[in-house]
């Protein structure tokens, strides 16, 4: 599917040949004398159309319009949230076999973020998973034209939106694949395909190299599986070599049975989505390759399965992480933090400006925040503010959670430097406190996407989040023209 941006008035849109012409009608719509304006004004006057987001009126082959079908679509304030809500009402239309060309015309100047919301809505709504289906109909929609009053002014937002859409789709594709079609090796191969883009490099380490690095926690999780682990290292070089990179670390558990601490059978199939963090890193690099921002980024993906086996790690086992710290594994189903802790230690070799890890880490975060916002934990206030702002801009929001030092008390162990779990209470926070022990003084953030990486039920499938958040964050960093002094790490202290 291709997107294109054109300067297109309502008068010109009437002559545009397509299968579906969507006219976004905002509050305070001011009609002109053209046929589409007249049609819209008449529908509003008669009460057949409301400007409330998502309210629509379908017209088939109206006189003077070249499109086969016209939809007048209310979009309220025409901001990003309203446009997304409006476009979601049209999602079924984007999958119709008869709809191959769509034109989307803004009835007024688009507010900031509205174009991105429209592009993402069309991309998400038309997405079709086909990788393991023999009779699936491929995506019918081939071309989407966005008509705006001034295409030149809208071009930067449009470029970002289409790149993010491509990245989100790449992430969804790999997170959706069944575990036997997305093994650690296959995920690593997907990362290698990104190296075809200018500025992107990829290196993959196997069990032997990982063992030499001393990644005992990562190795412990992988030892119960016949599928060999992979440590993927992606690099995007868009700035001078002297510029410190941002390191993204994505949890890559390609299937999580829980190990010896076996999960319940119900909905265990959804544990193929446990590599949502890894998929988001792949998606971010797909977008970076298209946007080519002036920034250096490293992506790390520790990929393996968590399986029960005679060789599997057992509750009570003590392992030595790459950092040298020992860990008592009280629950083998708390494996994500084990693979991440070694990858976070490895990240230090790049002398990063900031580290952000992304993981479907805890059910506790789902309980706390549901499926709307990802959980954000950060050791640095400025980094937290940047990620919160990026999430809002991308309509991919997160919510900052506490990191009081007292939450780490439950990680104490009689037999190791720390345990890998600290009980049920505050589970998402104690998991973040565990990870914090492996990042030193580097500005660090942890995104718990357990509630946002996929949807269950009839709409089961990966969402591609938080690719949008991360891309917007990186683009904002890239726009900073001067190198700011390194921010001092600030942990939240107890208020008691």
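Here the Cβ of each residue, glycine as well, is placed from N, Cα and C on the backbone.
Owing to the predicted nature of the structure, the values given are computational and were not obtained by experimental measurement.
In Swiss-Prot, the Mn(2+) 1 site is described by 333, 335, and among 256, 405, 417, 441 the residue recorded at this site is 256. Binding of Mn(2+) 2 is attributed by Swiss-Prot to 251, 256, 335, and within the candidate set 226, 274, 357 the record adds 274 to that site.
The Cβ of 333 has fewer other Cβ atoms within 10 Å than any other of the binding-site residues 256, 274, 333, 335. The Cβ centroid of 251, 256, 274, 335 marks the Mn(2+) 2 site; residues of that chain outside this set whose Cβ lies within 8 Å of it are 252, 253, 271, 275, 306, 336, 339, 359, 360, given in sequence order. Taking 263, 333, 337 as the recorded positions under consideration, the smallest Cα distance to residue 251 (Mn(2+) 2 binding site) is found for 337. For the pair residue 333 (Mn(2+) 1 binding site) and residue 263 (active site), the Cα-Cα distance reads 8 Å.
For the pair residue 335 (Mn(2+) 2 binding site) and residue 263 (active site), the Cα-Cα distance reads 12 Å.
With respect to their backbone Cα atoms, residue 263 (active site) and residue 256 (Mn(2+) 2 binding site) stand 8 Å from each other. Residue 263 (active site) carries neither a helix nor a strand DSSP state and counts as coil. In sequence order, 359, 361, 420, 431, 434, 435 make up the list of same-chain residues 6 or more apart from residue 337 (active site) whose Cβ falls under 8 Å from its Cβ.
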